[in-house]
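Asks: Could you have a look at this structure, given as structure tokens, before my questions?
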Amino acid sequence: FGDREQQQRSNRSAPSSEEARTMSPRSGELPVADDPDQARLQQLGYKQELKRGLTLLSNFAFSFSMISVLAGVATTYNTGLRYGGPASMTLGWLVVAAFNGCVALSMAEICSAYPTSGGLYYWSAKLAGKDWAPLASWVTGWFNIVGQWACTASVDFSLAQLIQVIILLSTGGANGGGYLASKYVVLAIYTAILLVHGLINSLPIQWLSWFGQLGAFWNVAGVFVLVILVPSVAKERASAEFIFTHFNTDNGAGIHSKPYILAVGLLMAQYSTIGYDTSAHMTEETKNADWSGPMGIVTSVALSGVFGWIYVVALTSVVTDIPYLLDPGNDAGGYAIAQALYTTFQRRYGTGTGGIVCLGIIAVAVFLCGTACVTSNSRMGYAFSRDGAMPLSRVWHRVNKNEVPLNVVWLSVSVAFVMALTSLGSQVAFQAMVSITTLGLYISYALPIFFRVTAARRSFVPGPFHLGRYGVVVGAVAVLWVALVTVLFCLPVAYPVDKDTFNYTPAAVGGVLVLSLAAWVLHARFWFRGPITNVDE
């Protein structure tokens, strides 16, 4: 863990909030550029190394594409359908969206004050107070980057599984002699997807911006098409009462308590709205960063909440037989969304081809989401290594002639590949690995907000985007929500608990915490001082 020499290149930490905002450009301590974005970055302690070519729209597009409700809902629809069903998905989505809005608003306020690629770990360092800053920065950073690595693995592996289901249905389905890929073939598909994402992220930021905007457009257009097409094609549609009030307790997991089922069912919506820290990680490449970055966070979460809810309602309108959709013996092998779409078109036209096309629309959205995952991951890795917090930091924070952090792009791809190797040994082990996606990211979201409403309650200096007197209240609600979600994610999801049903999430997330703290106690505390300035290099 960490690169001591990278930290020792500078014995001076990046300036505090007050120092950064009151520092005189003529003091000689930190040279200030003519460009306001570059000047602000230098006040925060960094020189401009990445190409600043993103607009507000582009910044928003990266987060919106990263959240990708088409991808998130497709990945976790089985969970929502099994635990609570229509009621927990449609009404639960609104609850989750409201509280996630508090998290997003608090993050946006802090992002406006500190528009750097480091994002969350930099924020923690500046808000936790001088004595706790290094440890706060260290733990937040490792939760964030491990969560992002797991996010890349989760999204791309989900895409590989979706492609496998598309092939299965295209060749006749599980009950018609269709081709069911082995776990090795799925891993090969996953590897190919990762390689393509690595190549795309090796392109200059102008090209990456195009992919981000395509991702945003595809998610909006895809939701629009599916919301209109699927219900209109369906010969049998669920009633409004079923969609909003039917509560499925027949989950086959031995759980009968309705509050417990509802709590587990909320996780679908929570998983489907992660990744909006991407806007923060892209601020050093965004124009008017202290406004565009925060607006990218807020608008991506707000629009994802609206479009996601409409999409979930439309999908649930064609759900008329929950046990059949979840049955591993159906044509899609128990992949609920795939079977629902396939059956809808088959009943209307005698063929499920239209449903397969709809799955193709979802697959493209998942692919573009994976592209944004690697983009965000690489920018976080670039910033974290720039501050010497990663092994071989001097290697990972280098940028090429196109001002792209190429080395850390391929580090992100490589780590995601290694994570997916666990799927060969046990699907349970892989699920434990990717469970870090949601909790790792949300814990890293909550830590700087927690410091904002406690240690920095009176000293916080806001940027252009701020919540005024409501900042502390909104932040407190956000922290409490993440604490609740953390508990929910750690609950058993089946009874009786055995090696096949055990929820390894506490072990996986606890492992990240224990390893990061152990590395801190045994090694990093002797040299890591948090974010370091590099403007005088």
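The backbone N, Cα and C atoms fix where each Cβ goes, glycine too.
Copied straight from TrEMBL:
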REGION    1-34  region 'Disordered'
TRANSMEM  56-77  transmembrane segment
TRANSMEM  89-111  transmembrane segment
TRANSMEM  132-150  transmembrane segment
TRANSMEM  162-180  transmembrane segment
TRANSMEM  187-210  transmembrane segment
TRANSMEM  216-234  transmembrane segment
TRANSMEM  297-319  transmembrane segment
TRANSMEM  354-376  transmembrane segment
TRANSMEM  404-422  transmembrane segment
TRANSMEM  428-451  transmembrane segment
TRANSMEM  472-495  transmembrane segment
TRANSMEM  507-528  transmembrane segment
Asks: Take the transmembrane segment (187-210) and find every residue of the same chain, 6 or more past its ends, with a Cβ under 8 Å from one of its Cβ atoms.
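Replies: Residues 50-51, 53-54, 58, 61, 152, 156-157, 159-160, 163-164, 181, 285, 367, 370-371, 373-375, 378, 402-404, 406, 409-410, 412-413, 416-417, 420-421, 423-424.
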Asks: Short question: which residues 6 or more past the ends of the transmembrane segment (216-234) have a Cβ under 8 Å from it?
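Replies: Long-range Cβ neighbours of the transmembrane segment (216-234): 60-61, 64-65, 68-70, 307, 310-311, 314-315, 317-318, 341, 344-345, 347-348, 354, 358, 361-362, 364-365, 368.
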Asks: Take the transmembrane segment (162-180) and find every residue of the same chain, 6 or more past its ends, with a Cβ under 8 Å from one of its Cβ atoms.
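Replies: Apart from its flanks, the transmembrane segment (162-180) reaches 74, 186, 189, 329-333, 335, 338, 342, 352, 355-356, 359-360, 362-363, 366.
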Asks: Hey, does the transmembrane segment (472-495) touch the transmembrane segment (297-319), meaning at least 3 C-beta pairs closer than 8 angstroms, sequence gap 6 or more?
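Replies: The transmembrane segment (472-495) and the transmembrane segment (297-319): touching, no.
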Asks: Tell me, please, if the transmembrane segment (354-376) and the transmembrane segment (472-495) are in contact, taking contact as 3+ Cβ pairs under 8 Å between residues separated by 6 or more positions?
Replies: no
Asks: Quickly jot the same-chain residues contacting the transmembrane segment (89-111) by Cβ under 8 Å, restricted to those at least six beyond its ends, or write none.
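Replies: Distant Cβ neighbours of the transmembrane segment (89-111) are 77, 80-81, 119-120, 123, 127, 243-244, 262, 265-266, 268-270, 273, 276-277, 279-280, 283, 290, 293-295, 297-298, 301-302, 305, 308-309, 312-313, 316, 442, 445-446, 448-449, 452, 462-463, 465-467, 471, 474-475, 477-478, 481-482.
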